[in-house]
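As written in TrEMBL, here are the features:
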type	residues	note
TRANSMEM	7-25	transmembrane segment
TRANSMEM	37-60	transmembrane segment
TRANSMEM	80-113	transmembrane segment
TRANSMEM	119-136	transmembrane segment
TRANSMEM	143-163	transmembrane segment
TRANSMEM	183-203	transmembrane segment
TRANSMEM	215-238	transmembrane segment
TRANSMEM	265-290	transmembrane segment
TRANSMEM	302-320	transmembrane segment
TRANSMEM	326-346	transmembrane segment
TRANSMEM	358-376	transmembrane segment
Amino acid sequence: MKINSIQWPVTFFATSFGAGIFFLPQTVGPKVIGTHGTITILILSSLASLLGQFTFYRFILITDKKEYVSSAILFIGKKAANAISIAFLLSMLLIAIINITTMINIICFSLSLNGSERIFVSLIISATLGSSFIFFNSKIEHLASGIAFPSLLIVLFLSIYFYSHPAHPHSTEIQNISTSNLLTLFPVVLFSFNFSPCIQRFAQNKKDTAGDLRFFMFGILLILIFISFIVFSLSNIFSPSDIKNMREINSDALSYSANVTKNSFVAYISILTMILITSGAYTGTLTGVVDTIVSLGFKNKTLIVFVVSVITFIAGEANFEIIKVIAALSTPIIAITVFIIPSAFFLKTNCNSIFRKIMMTLNLLIGIGICFLAIIL
C-alpha cells in the first residue's frame with residue numbers, strides 16, 4: 001500500500017472519530033463546563049494524545065517485526081508482554097463494542113425497534129461489518145479512509161447548519177448537570193483522540209521513518225478540528241433540559257439533534273453520518289484486534305473476525321452505558337499499553353538527551369494519572 005500525506009491521517013481520524021465523539025457535547029460541552037473549559041480540555045487532550053501515540057508508534061518500531069507484542073517481549077519478557085497485549089486487545093474490543101452499541105441504538109431508535117427486532121438489527125450489523133473486513137482486509141486502510149472522506153464533508157455541513165440555526169438561542173451555560181471538573185473528565189476526552197488500534201498497521205506499511213511525526217500531527221489536528229466543530233455546533237442547539245435528557249436515555253448528541261431541529265433532512269443525514277462514522281471506527285479498530293491476535297500466534301483471520309463479531313453482537317445487545325464503559329474499562333488499559341509501557345522502555349534504554357527524558361517522563365506521568373483517575377472515579 002502506498003503511503004501518502006493524506007490517507008493515513010484520515011485513517012487515524014476514521015479510527016478515532018467514532019461513537020464517543022457524539023457523547024462529548026453533553027459531557028464536556030460549553031453548556032456543561034463552560035467555553036473556556038471545553039477549549040482547554042480539548043487542546044490538552046490533543047497534545048497528550050500526540051505525545052502518547054507517537055511514543056507508542058516508536059516503541060512498535062524497536063523490533064524488525066514492527067509488532068507491539070514483539071517490542072513488549074523485548075522489554076518485559078514473554079509472559080508479561082502477552083498479558084499486556086491481551087489487555088490491549090480487550091481495550092480495542094471495548095472500543096468496537098462502543099461503536100456497535102451506538103450504531104444499533106441509532107437504527108433502533110430511528111425505526112422504533114425493540115425486542116426481537118433489535119436482536120435482528122444487532123445480528124445484521126455485526127455480520128455485515130465482520131464480512132466486510134474479511135473480504136476487504138488487504139485494503140482495510142483504503143476502506144477506512146474512503147469512509148472518512150464523505151464523513152468529513154457531512155460533519156462539516158452539519159456543523160455549519162447547527163451553528164447557524166440555534167434551536168435555543170437564549171439558553172445559558174449549565175452549572176448543575178456535571179459535578180466533575182476538568183481533571184476528572186480528561187480521561188474521557190483523551191479517549192476521543194485514540195487511534196492506537198491502527199498504529200501497528202501504519203508502522204508495518206511505512207517503509208521508512210521520514211516525516212513520521214507529520215502524519216501524527218496532521219491526524220491529531222484533523223481530529224481536534226472536527227471534534228471542536230461537533231461539540232460547539234451541537235451544543236448551540238440544545239437546551240439544559242435536552243442535555244439532561246440525552247444523559248438519562250443514553251443517546252448521542254447527533255441522533256438527538258434530529259428531534260430538536262424537527263428537520264427531516266437533518267434527521268436522515270445525521271443517521272447516515274453516524275452509520276458511516278461508527279463503521280469507519282469499527283473497521284479501524286477491528287484491524288488492531290486482528291493484528292494483535294495474529295501477533296499472539298493465532299493466524300486464522302476468518303475465525304478471529306467471526307469470534308469478535310459474536311462478542312460485539314452480544315455486547316451490543318446488552319446496550320452498556322457508553323461513558324461508564326470508556327472511563328472504567330477502556331481508558332486504564334490504553335493508558336498502560338500506549339503511555340506507560342513505551343515511556344518506561346525509553347526512559348530505561350534510550351534517553352540520552354534531557355529533552356527526550358523530560359518528554360518521556362511527562363508521558364509516563366500522564367499515563368499514570370489517566371489510569372488513576374479512570375479507576376477511582
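First residue shown is number 1, and so on along the chain.
Including glycine, each Cβ sits where the backbone N, Cα and C put it.
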Interface present between the transmembrane segment (215-238) and the transmembrane segment (37-60) (three or more C-beta pairs under 8 A): yes
Criterion met for the transmembrane segment (7-25) and the transmembrane segment (215-238) (at least three Cβ pairs under 8 Å): yes
Surrounding residues of the transmembrane segment (80-113) on its own chain - C-beta under 8 Å, 6+ positions past either end: 18-20, 22, 68-69, 72-73, 121-122, 125-126, 129, 194, 197, 250-252, 255, 267, 271, 274-275, 278-279, 281-282, 285-286, 288-289, 292-293, 295-296, 308, 311-313, 315-317, 319-320, 322, 325-326, 329-330, 333-334, 336-337, 341
Leading stretch by Cβ pairs under 8 Å, where the reference is the transmembrane segment (119-136) and the options are 143-163, 183-203, 215-238, 265-290, 326-346: 265-290
Positions whose Cβ lies under 8 angstroms from the transmembrane segment (215-238), at least six residues beyond its ends: 5, 8-13, 16-17, 21-22, 24-26, 28-31, 38, 42-43, 46, 49-50, 53-54, 57, 152, 155-156, 158-163, 165-168, 171, 192-193, 195, 202, 246, 253-254, 256-257, 260-261
Residues of the parent chain within Cβ reach of the transmembrane segment (143-163), under 8 Å, 6 or more residues beyond its termini: 7-8, 10-11, 13-15, 17, 132, 136, 198, 226, 229-230, 232-234, 236-237, 254, 257, 261, 266, 269-270, 272-273, 276-277, 279-280, 283-284, 287
